[in-house]
Amino acid sequence: MVASWVYVLLSIIYGLPSIFLYIFSYFVIINYRKSFDSSFFNLYIFDGLFNLFTYFNGFVFIRLNSVTCDTCFLSSFYKNTTGNILKFIVAMTWHMAYVQYGTTVLISANRLSVLLKYNVLEPVWRKYTWILIVFVYFLPFLDTHRYFTHDADMVYSDETEGYTGTSSLPIDDSFYYLLPFMIISTICSVILNVISLLFVKSVKLQKKTKVESNFLIIMTITCTAQLFGMILSVSRVILAGTKIAVRLAQILPFVSDGLTLVQPWLLVVFCHSLREKMKMILGIRKSNLQAVSSQVLQARSVTS
């Protein structure tokens, strides 16, 4: 129980700043659309929405439920989470893994194609990105629809003093298609990023393309996190039934959170224009607050 509380607190500590940064970056990108008119930022917004959904789904139904006792305030919420709603939640736990890995491949392909033929392919990406995103989200239902045909239960454990959402679909069947997809998509992402890196090193880039190459650094780091997550997932399946597998099952949610929440931090570090816009907005807000404060103080001094 103590360990579960530690996991929840850690998730909150790194989750809240990341959520704020996601929202703030969205605000900047949308309000300064002309400055961020790139297919990468379109993909970033869609990817971020997927990531936020994944984080909240995991936090509420993997972390928070594990520290909710049978008499706690939220116990009624978990007791009443049943039927198709619970089936959807359980399905999304696996479904979003497909979406995250597929989106990484998509963004890696975007980086390579835009670097190779920016003037030709960048407009195409901007126009049709939404279609590809819809495809990436809905295609995994070819596998995850199975969770809607199996029973799902919210089980309370007296030993752990927490709730767990379960499905009658065996765990081995859950990984049957997902694991090969994770391996293949990770290999594709690595290959695409390696080719992109080799291309960047071999040519003299124009200023516009240099900016695009900075986005490649973001994707390379994201791909590395994805590779690490894939290795842990494969190891967990191979070592099923052992103490190591139990430990890996505890580590994997943090790796998932890393892949989910690292994007806005990387964007702030490697995207100079976004960072400057954020500083400008924060500076304006600070100046406005100082002006309001001074006016309030002046009004008080006059009335007194």
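Cβ coordinates are placed from backbone N, Cα and C, and glycine is handled just like the others.
What you are looking at is a predicted structure, and each value in this text was computed from that prediction instead of being measured.
What TrEMBL annotates here:
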| type | residues | note |
| --- | --- | --- |
| TRANSMEM | 6-29 | transmembrane segment |
| TRANSMEM | 41-64 | transmembrane segment |
| TRANSMEM | 84-107 | transmembrane segment |
| TRANSMEM | 128-148 | transmembrane segment |
| TRANSMEM | 175-203 | transmembrane segment |
| TRANSMEM | 215-239 | transmembrane segment |
| TRANSMEM | 251-271 | transmembrane segment |
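Note: the stretches the transmembrane segment (215-239) and the transmembrane segment (84-107) are in contact (3+ CB pairs below 8 A, sequence gap of 6 or more). Within the chain, the transmembrane segment (41-64) has long-range Cβ neighbours (under 8 A, six or more residues past its boundaries) at 4, 7-8, 11, 15, 18-19, 22, 25-26, 29, 74, 89, 92-93, 96, 99-100, 103, 106-107, 110, 125-126, 129-130, 133, 137, 165, 253, 256-257, 259-261, 263-264, 267. The stretch from 84-107, 128-148, 175-203, 251-271 that makes the most Cβ contacts under 8 Å with the transmembrane segment (6-29) is 251-271.
Below 8 angstroms of C-beta separation, residues 7, 10-11, 14-15, 18-19, 21-22, 24-25, 44, 47-48, 51-52, 54-55, 58, 62-63, 97, 100, 214-215, 217-218, 221-222, 225-226, 228-229, 232-233, 236, 278 of the same chain, each at least six residues beyond the ends of the transmembrane segment (251-271), sit close to that stretch.
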